[in-house]
Ligand SMILES: Nc1ncnc2c1ncn2[C@@H]1O[C@H](COP(=O)(O)OP(=O)(O)OP(=O)(O)O)[C@@H](O)[C@H]1O
Ligand SMILES: [Mg+2]
């Protein structure tokens, strides 16, 4: 069995079929990318995995467990973390606090111990901070460490979001258009980080991305989606060169490559 | 601005970032202890009220200011605390046991009041919690065998072992100690995973869930913690008044609590205390200024209430970050002098004015 499997998932909003019997598998330690024009249903897949939406049919199997019916927070508890297309940070908290929130699933303290700030809570806090500092070093966020997130530039916020997801020490990381709004330099960093995380930590990625250069550079396999239907699946070269995919992107070719 | 060289993580999790901060708080507490020596009994009793209200508003601040869940039913927890403690002590249970029990019972009921918060937010949650307040009020009136209904009940004075707390000064010290413990506990929770989870829920429920934070668990927990502190405050309040009836715990009290935390500054524990102090001292200030007003104005009936309302309105209009906001700006001004820029807090102010809760 594969590490993460999606079995024939479908969902509709009113009359709109947003996803129609979509299936794919992500193997341990690979970068699996989902591409497709605007409104294809890419973000919807993520929202279904996170249990923000209820599937009409189908299942997600993560490490041999069906997670299509669990509560949203359980998905994260099991080791799936994500970033959001339109940045969902804790805006009135500092960068370090955002990263520490990523550590939530590793907590061992209870409310009573916390109210007393007992030695075990102190040890746990120090541990969390060590992890958070590692992430800060890795993503070069030292300069922003104690700043409030709301005032940071867009690209930095995107990086903080990636950092928060990393601080969770997940096994599967879902990234929704991580490069949007980033400049050239930030994008190159991102490409480097993803490859590095994959190789060093063995974390698997499910990536939604509009920038085809990035997709080609870092993906092991690619899936193309259009109007909620899978139109191609395979290696980056196969999928990006697929006639159906070219057709789906035609007309917005300019927008997507410039993206 | 100060820069701090940190050498280990222990420094990072300290309660006080700077050593000087610790001494300032120590000085503050010593100052609070010395106050009754120079003040008369009346003012001292007002200080007791500030402490008791502050305990309640610290509770509400955790819920509304930090978790982003509004409650218009906190008077009910206040009342549950007061009645629990009054009834228990009348049956001979020692105060030292009755006080936490009052908090725990309020907290336990808080769990159930938190349940609607899983489905409701903003104004709808406000109305739902208000409904809860009405129910509790009604129960206090109708359950005559226990509460003596509208007739109200006498509350025994407080004693802990050989110590009695019958004079204003003694009672003030009691409330001060409980307040300090409350603030310490709240501060500890806020710098631990639970507190951060609460802040996460306030800022983005979607992202909080993606971090593994259970809405069901942490929203009900926030209600329970909040209700606990408010119940403890209620217990003290009952013993202070020595007589309670359901009238003391109406929706007006809930609204007063909300006014306190908003005026004090949402999202800060300082604010909870400042707000309580402001709302309690405001009427006194108004009465004092009456002497300086033209006679025809000073003699108007309802002047106090009108001024009281007006002050609150002006405050929210011009200082949405509350008293704590003013304090921070002043502090920042001196730390940054002469580099202070007027626009520094503009963005924050705009954010606070925008509707979030
Ligand atoms: N909660 C919702 N209610 C109604 N319709 C929705 C909802 N979420 C998504 N949709 C619809 O489902 C379709 C797929 O949306 P989705 O956000 O998944 O697209 P996407 O592939 O991520 O596009 P983009 O590249 O613009 O991010 C769109 O037509 C969208 O309008
Ligand atoms: Mg999308």
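Count begins at 1; order follows the chain as displayed.
Just so it is clear, glycine is given a Cβ too, placed from its N, Cα and C backbone atoms.
Feature transmembrane segment, per TrEMBL, maps to range B:122-143 of the set B:122-143, B:144-165. Range B:21-39 is the one annotated as transmembrane segment, of B:21-39, B:192-210 (source: TrEMBL). Of the given residue ranges B:305-327, B:328-350, TrEMBL assigns the label transmembrane segment to B:305-327. The transmembrane segment (B:70-89) and the transmembrane segment (B:171-190) are not in contact, since fewer than 3 Cβ pairs between them lie under 8 Å (pairs 6 or more apart in sequence). Note: the stretches the transmembrane segment (B:171-190) and the transmembrane segment (B:305-327) are not in contact (fewer than 3 CB pairs below 8 A, sequence gap of 6 or more).
With a cut-off of 8 Å between Cβ atoms, the residues of this chain six or more beyond the transmembrane segment (B:95-115) that come close are 69, 71, 73, 77, 80-82, 84-85, 88-89, 129, 132, 158-161, 178, 219-232, 234-236, 239.
Recorded stretches compared: B:21-39, B:220-237, B:305-327; the one with the most Cβ pairs under 8 Å to the transmembrane segment (B:45-63) is B:220-237.
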